[in-house]
Amino acid sequence: MHVLIPAAGSGSRMKAGRNKLLIELEGESLIFWTIKSVLSASLVSWVGIIGQPYDKQELLKSVKNFSNKIKWINGGDTRQKSVFNGLNSLPSTAEKVLIHDGARCLVGPDLINKCAMELEQNDAVILATKVTDTIKIVDNRGYIKETPNRQNLWAAQTPQGFLVKRLRKAHEMAIEKNWTVTDDASLFEMLNWQVKIIEGNSSNIKITSPLDLKIAKLFLKDF
């Protein structure tokens, strides 16, 4: 299985003043823990880190223990463009790919393998967790318009897995139609292509704030 890891987090909400994936968690960078988790999955054979050229030296230094197992890919000015660059940098033999957020350093190898195996029967899969809070849809003035049934609501995570040809086609159509999305599964939705949900777990958080970092430290003790 081939894995692409977008790693261009600005760190603005972390108030880090640099790429948030370079922030330390228990003595190692966030990207270190992410790469370690991904490479622990038995079905993973190739990993590409997609980042900005100005971060390349520091990011690669922080994962030097895995330098012979990863490939660097220059990213674009958005996540969407970066993933497209990643797709175009995959080996020609790659048929399936997992896209995983660099800031989700607590994903377990079992979940990565599960996503990979589900791609045997599906063109697209994503990890997600059931929403437990009541969600409100509001208008632009802040007034509630609707309360959707939470039984049908899932919070998307990564990895998100795809057949390479299908995902590349989706990105090409997005460029043609000037679509902008926040995750790759959304492109499939816009094209009315099916995406299968795989239930994830609550520890697979995306670290975007100082509070997330504190929570991650607690999870890491049992990781």
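The count begins at 1 with the first shown residue.
The backbone N, Cα and C atoms fix where each Cβ goes, glycine too.
Feature list (source: Swiss-Prot):
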SITE      Arg13  site 'Transition state stabilizer'
SITE      Lys20  site 'Transition state stabilizer'
SITE      Arg150  site 'Positions MEP for the nucleophilic attack'
SITE      Lys206  site 'Positions MEP for the nucleophilic attack'
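Counting every protein chain shown, the number of other Cβ atoms lying within 10 Å of the Cβ of Lys20 (site 'Transition state stabilizer') is 26. Secondary structure at Lys206 (site 'Positions MEP for the nucleophilic attack'), taken from DSSP and collapsed to helix, strand or coil, is coil.
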